[in-house]
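Shown next, in structure tokens, is the structure this report addresses.
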């Protein structure tokens, strides 16, 4: 019964994971990116240099178009250099959209100020999966920077620095280049687009992990790390919060590091990986002004909305104030940082020269309206400047104001002043303080909608002399509209308690919004984990406007740069999904400062709000963030299954190996999840032991991933048996005709060679691993192992048919048919005694063990023993498949892969298999209890240390093969009477 419950639970987990994978592929979010169009044919001009001969697979190119390509061929460059670095399997041609838009922008100003784009060809290597190429790429990019800067030596005041733009792994390459000797002074800024910055997506080999550790260590030593980059700017404070490089500052402090993530549509690099503790500014494309949408991994380099913002930012870094140096980037990091905050986060800084603005009351209408909610529309525009006065007082109903304006040309429309002057019957103030830093833009950009949210009581406390806030709208001939919504903020705050993980029913939040309300704030209590997802359903009850709209701004207080905008127009039903990029940090009080959603609504409409936990998006995020755990759990379950197989045999009896599918379901696989947490706490007590990987996550995640892994292994076992049976039956039809027939003398030589076949094949595979690539040898070993398993099954079928024929002949004719190799079986006395119901001394566990033991057919013992080893071999081959792809891609350059992370594990495994294939295993020897203990410890190590660092599984699997082989070689044989 327990085993059936385990199987059902695991199948349910697999269905949930498959559902999440399906949602990731098909239904996460529609792609609203616009295409980037070309005006002329793109040209990639190769730039050769002497050191390029050391890297024949790589290249450096300059981008140009049309007739301008001739200047590039003549090596005439007058702009500021930007070098694009592609990522995992990325092409140097991915720079086309960025470079083309930059070139058009340069042509608009007559190429007086422009950017020169260069791009690096890294041969589309799998740098995100195989870390052996990363150091080569870093060295080549460093050479490219020197070569690019050498092109500007003849230009008066030529650019002494470059900007690096990296996509995917290219962002990490750019960060690593800055740590190379002598490179930091040559780098002005780094922009990493959809890049895994501090942690790799998949740590498939130790070269990749060591590369990350080395780069992170260098940046920690050579850069001042701020606890919260950009925090001061977000709080509207002039202090730049440890960004100013001072005398004696660290070597990497002058580099501006901007990181940008793609959001939930990027299923390759999920959002939490795109942030960096070394970054100055982090943003997600869904909160970048004028972008406001999630982009997938490849789309990030051609999405027109994002490409435009990127180039505006890069152009803002040009030093246009110095007239003598036109093609040079700003050296002042504070200015570069402010520009990044403005373009990627819409953060504005108040300049000292803009403290006061004079008003001319002769051409202005000053209107004070005591209403708290109103909306005015001017279809034909304004013939005079209108100044709407908002009183500042201590009335609790006048605590919070949200103002919204449509089709306004300027962002400087909010002011504060003391309106104590009079003109006829109109109060006014001759000077006012601009507050445009409170103004923000609502998506989408084509709607031209601005808004401001101001706490009136706080602004009054900060400026006691002020009497009013002013909303100033200049004279215009265009249609114009503005809305004012003043309220007590507490009346517009709605609290939501995050439902339990098993609850997915819809709950009503608000039956009807207040008439004229344009703003509500939702606080989600209990949303502390990154996999939790809440769906907010917004339905339009009635609407006087033609265009009902909903704009949601989702804020996660313990993150920086992950504020998300979602918007819906012309829809009567909208669903907004709220989630966090990563778990709440320990010690953070999410009760007083929870995840919040600012809802911007059309005041002419009435809405109904409800919510429910979203199973679809929750599982999509589980797959994105935790899907990489599956290999570690598969290995752990297989190790537990082998432990259970070798533990089936009762004491003092001949060894019989249990069935794999039975072992998978009865080896209490889910118990390992709890046991791993206990072991983790024990490991943390001993400082000398390596620290475990992430352990403070919900046990629900471990159960889902573990169950899905178990189902995958059950399905894989079924497919393996089907393949073995199919091939075995196919060959058996031929073998059946010649069974028990005399074999010619010449065949004895063939039989002798077949007997030595496993050891010979092992030697050949070892040679393949040493001469080419370890993963290639592992793949070949999988094929050989499968052939050996089919031969075992053929032998079993032959033996089974022969035994059946013997019994029929004995019963019908009384004739005993003996065939070569037949040996009489000994009756098992212990079996008879144990199965005797009258014995009365049999425990339930012993009964289950006895049943499994009795059900194992003697002819299947070998297959049962080898099948989990075969699955382990397949798993390690898949883990090292990126090494094989890299070797195959570079075979024309080098027949062997160097460095090869799969070499040592492959040599150990192939050496072990050569012995196991040659021997008649499993043997009836002692030591299986000790082997079981080792396998259990190895399974726990897989869960504690290998869920994220997948490369460690190579050594766990290799050591397991070696341990089993040594046990079969040196174990003492048991002689049972």
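Any Cβ shown, glycine's included, is placed from N, Cα and C.
Among the residue ranges 670-698, 699-727, the one that TrEMBL annotates as transmembrane segment is 699-727. Listed ranges 638-661, 734-757, 806-829; the one TrEMBL annotates as transmembrane segment is 734-757. Each of 699-727, 763-788, 901-918, 930-950 was scored by its Cβ pairs under 8 Å to the transmembrane segment (860-881), and the highest score goes to 763-788. Taking every recorded stretch in 699-727, 901-918, 930-950 and counting its Cβ pairs under 8 Å to the transmembrane segment (763-788), the highest total belongs to 901-918. Residues of the same chain lying 6 or more positions beyond the ends of the transmembrane segment (901-918) and with a Cβ under 8 Å from any Cβ of it are 130-132, 205-207, 756, 758-759, 761-763, 765-766, 769-770, 773-775, 777-778, 781, 785, 788, 866, 869, 873, 876, 880, 883-884, 951, 954-955, 957-959, 961-962, 964-965, 968-969.
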